[in-house]
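Worksheet for the structure shown next.
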Amino acid sequence: MKEAEIRRLLAANLLCVFSIILTAILPAFFWKGFTVLGTHLAWLCICSVSVSTLNVILHLVLRPNLTPKRSSFAHKISRFLKCCIYFFMSCILFHAIIVLYGAPLIESVTETFLFAVLLSTFTTLQCLCILGPNIQAWIRVFSKNGAMSIWESSLQITTMGSILGAWFGAFPIPLDWDRPWQVWPISCSLGATFGYMAGLIIAPLWIHWNRKQLTYKSR
């Protein structure tokens, strides 16, 4: 396993972490009264757009799964439209799952949907960037020993971190602490964000420490 590839992964992941930190700091210079807690819905939008944009740019620059086969312009347009549809379907699916887990069905619909968009940004968007709109590849990657590259291993770790972070973030909501960050969906979205950031940092370190045991084979 090439050390240069691991360093590229680390640099890309650290850029994503840095971009999330900036979304909590930079808007305050241009938006009076902006805070992650006080204007949480606005922050959800800013964070989702920033992470999405950076992930797409990094994918175009680094091309982790570049294939030698050149595709036509029509194929690229079709692929792009499929990715957009998959992302929208992911938002709807996450929204439904969140409601099934106890989120308000009618009240706070905007909050729930924006939280679903954030989760989709942390999970589905990365799958689309690395694997494309290929459900079989998604199933392969998230099956046991299914990763075929360090980028796919990182995808596994960050996706798991995001979902677990969102799940753990729901624990404080029903507690009678009367804290501002217990309002739906602040603790869940912060938990997902911290889980995603932790995954971004842990992934390249874990891959580096286990590089001798990791053997990726083409399938």
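Even glycines carry a Cβ here, placed using N, Cα and C.
Curation does not apply to TrEMBL; its annotations are automatic.
These figures come from a predicted structure and were not determined experimentally.
Look at TrEMBL and you will find 9-29 (among others) tagged as transmembrane segment. If you look at the transmembrane segment (9-29), the same-chain residues 6 or more away from its ends with a CB under 8 A from one of its CBs are 35-36, 42-43, 46-47, 50-51, 54-55, 58, 62, 150-151, 154, 158, 193, 196-197, 200-201, 203-205, 207.
Non-local neighbours of the transmembrane segment (41-62) in the same chain are 8, 12, 15-16, 19-20, 22-24, 27, 31, 34-35, 110-111, 114-115, 117-118, 121-122, 125-126, 129-130, 189, 193; each lies 6+ residues outside the stretch with a CB under 8 Å from one of its CB atoms. Marked as transmembrane segment by TrEMBL: 41-62 (among others).
Sequence annotations record features per position, and here TrEMBL assigns transmembrane segment to 83-106 (among others). Residues of the same chain lying 6 or more positions beyond the ends of the transmembrane segment (83-106) and with a Cβ under 8 Å from any Cβ of it are 112-113, 115-117, 119-120, 123-125, 128, 132-133, 170, 184-185.
Residues or ranges marked as transmembrane segment in TrEMBL: 112-132 (among others). Outside the transmembrane segment (112-132), and at least 6 residues removed from its termini, the chain residues within Cβ reach (under 8 Å) are 41, 44-45, 47-48, 51-52, 55-56, 58-59, 64-65, 79, 83, 86-87, 90-92, 94-95, 98-99, 103-104, 138, 141, 151-152, 155, 158-159, 162-163, 166, 184-185, 188-189, 192-193, 196.
Per TrEMBL, transmembrane segment is recorded for 153-171 (among others).
Feature annotation from TrEMBL assigns transmembrane segment to 183-209 (among others). Beyond the transmembrane segment (183-209), the same-chain residues lying 6 or more positions past its ends with a Cβ under 8 Å from any Cβ of the stretch are 1, 6, 9-10, 13-14, 16-17, 20, 36-37, 40, 44, 47, 98, 103-104, 108, 111-112, 114-115, 118-119, 122, 150, 153-154, 157-173.
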